[in-house]
Amino acid sequence: LYTEHGNADGKPCVFPFIFEGRSYSACTTEGRSDGYRWCATTANYDQDKLYGFCPTRADATVVGGNSAGELCVFPFVFLGKEYSTCTSEGRRDGRLWCATTSSFDTDKKWGFCPDQGYSLFLVAAHEFGHALGLDHSTVPEALMYPMYRFLEGSPLHEDDVRGIQHLYGPGPKPDPRPPTTTTMEPQPTAPPTMCPTLPPTTYPTKSPTVGPTGPPAAGPTGPPTAGPSEATTISLSPANSPCSVNIFDAIAEIQGSLYFFKDGRYWRFLNRRGSRLQGPFLIARTWPALPAKLDSAFEDPLSKKIFFFSGRQVWVYTGESVLGPRRLEKLGLGSGVKQVTGLLPHSGGKALLFSGERVWRFDLKTQRVDTQSVTRLDNLFPGVPLNSHDIFQYQDKAYFCYDRFYWRVSFEGAMNQVDQVGYVTYNILQCAAN
């Protein structure tokens, strides 16, 4: 849980911490008159006077697990051991998780710790490995492992080195150098007592300013606003081209442009003559509350509210304001609905909401489905894939995506008929065929 503002240079909270002789295991508003949540970044605020403001709840809630939308609780007990930080213990994939009650052993409630975004260096290095001819590795600690994970220090694993040397041969051995007389201080091997959701990066060496005698009453006049209206563009390598993406996480028409989402980034295609594809941009800069992985997105054509779906959660953005994350049950969907694969605008302030082979009428004003309206996908749209993973409308036509392909449906005539089947990259994005 990394802090903002304060006097600790963005360092993570330390739980539990002491403030005015009392122990705190979560962010608190004690000592402040403005209601802002804060924490100490050392174990004893009374002694060290180091603190920071806690991020908004949307940024700090867990993802996935069986407690999505809840906050981590520190310390928590797992297999009889107490943890004051997110941990990967008990998992083979190295992902950090936490309990959302004080005892996982008793309550079995947990979720993945919210990520802090992606290291652009690691992403670029991984893609550069592909450009050099490396395939994905089966070693979780390797740079070329297909699932992103933060790697502190040198990201190259022996498996990466062996792979590149197999392709290009070993490099020349350097000339021997005389030993230096500098004696390095031994580094502690004990795990940190702090609670980062990702291993912390090196912090500035500048000494922090002297802290206040209590949590300062002065602070931001309001919570940090959402990112700038024009998100920062990433420009790293040709691998950042959407033409290299096989399957997008989500595609949606938003503000008259077509948006393509993938792994925490997005591209947009402006619907005007002579326009070019723009991006990639970071999802976290434009919509800070959202996770990196989306299932679908939809803009209400009347209110301009934007619905984002990921797993069993939904976020609704109105400008820079966000409602969520909320569980799909809040929309009237049952526990058997694991994800929303898309929405299409419908008449009378309604939309068609899709999940797998089922379709509901969704009231955009009340944000509830009509449970009596559920029907099968092929009843309304014969000929489209029943396992479509992304459904959206663009230029008054419906698109049903499966794998790298789409089925386009024209609403002309009495029946919804498929009038085109094509590739997302070649036919929609106009990418050059390899």
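Cβ coordinates are placed from backbone N, Cα and C, and glycine is handled just like the others.
Automatic prediction, not curation, is the source of TrEMBL annotations.
The following features are taken from TrEMBL:
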ACT_SITE  E127  active site
BINDING   H126, H130, H136, M144  Zn(2+) binding site
BINDING   D249, D295  Ca(2+) 4 binding site
BINDING   I251, A297  Ca(2+) 5 binding site
COMPBIAS  188-202  compositional bias 'Pro residues'
COMPBIAS  213-226  compositional bias 'Pro residues'
DISULFID  C13-C39  disulfide bond
DISULFID  C27-C54  disulfide bond
DISULFID  C72-C98  disulfide bond
DISULFID  C86-C113  disulfide bond
DOMAIN    8-56  domain 'Fibronectin type-II'
DOMAIN    67-115  domain 'Fibronectin type-II'
REGION    163-235  region 'Disordered'
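Here the features listed in TrEMBL are painted onto the structure.
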{"residue": "C27", "record": "disulfide bond", "Cβ within 10 Å": "21"}
{"residue": "C54", "record": "disulfide bond", "Cβ within 10 Å": "23"}
{"residue": "C86", "record": "disulfide bond", "Cβ within 10 Å": "22"}
{"residue": "C98", "record": "disulfide bond", "Cβ within 10 Å": "28"}
{"residue": "C113", "record": "disulfide bond", "Cβ within 10 Å": "24"}
{"residue": "E127", "record": "active site", "Cβ within 10 Å": "16"}
{"residue": "H130", "record": "Zn(2+) binding site", "Cβ within 10 Å": "14"}
{"residue": "M144", "record": "Zn(2+) binding site", "Cβ within 10 Å": "21"}
{"residue": "D249", "record": "Ca(2+) 4 binding site", "Cβ within 10 Å": "22"}
{"residue": "A297", "record": "Ca(2+) 5 binding site", "Cβ within 10 Å": "28"}
Checklist line | Segment confidence, the domain 'Fibronectin type-II' (67-115), expressed as mean pLDDT | finding: 81
Item checked: From recorded positions C54, C98, C113, A297, the one whose Cα lies nearest M144 (Zn(2+) binding site) -> C113
Item checked: Three-state secondary structure, I251 (Ca(2+) 5 binding site) (per DSSP) -> strand
Check: Secondary structure at H126 (Zn(2+) binding site) (DSSP, helix/strand/coil)?
Finding: helix
Next item on the list: Fewest other Cβ atoms within 10 Å: which of the recorded positions C13, C39, C72, I251 wins that one? Let me know.
Entry: I251
Notebook entry, point to check: Rounded to an integer, what is the Cα-Cα distance in Å between C98 (disulfide bond) and D295 (Ca(2+) 4 binding site)?
Noted result: 24
Notebook entry, point to check: How big is the Cα-to-Cα gap, in Å, between D295 (Ca(2+) 4 binding site) and C13 (disulfide bond)?
Noted result: 31
Item checked: H136 (Zn(2+) binding site) and the residue listed as 'active site', Cα-Cα, nearest whole angstrom -> 10
Notebook entry, point to check: When DSSP states are grouped into helix, strand and coil, how many residues of the domain 'Fibronectin type-II' (67-115) land in each?
Noted result: 4 helix, 15 strand, 30 coil
Next item on the list: According to DSSP, folded down to helix, strand and coil, what is C39 (disulfide bond)?
Entry: strand
Next item on the list: Write down the Cα-Cα distance for C72 (disulfide bond) and I251 (Ca(2+) 5 binding site), rounded and given in Å.
Entry: 31
Note to self: Considering Cα atoms only, can you say which of H126, H130, D249 is the nearest neighbour of C27 (disulfide bond) among these binding-site residues?
What the structure shows: D249
Check: At the level of the C-alpha atoms, what whole-angstrom distance separates C54 (disulfide bond) and C39 (disulfide bond)?
Finding: 7
Checklist line | DSSP-derived helix, strand and coil totals, residue by residue, for the domain 'Fibronectin type-II' (8-56) | finding: 4 helix, 15 strand, 30 coil
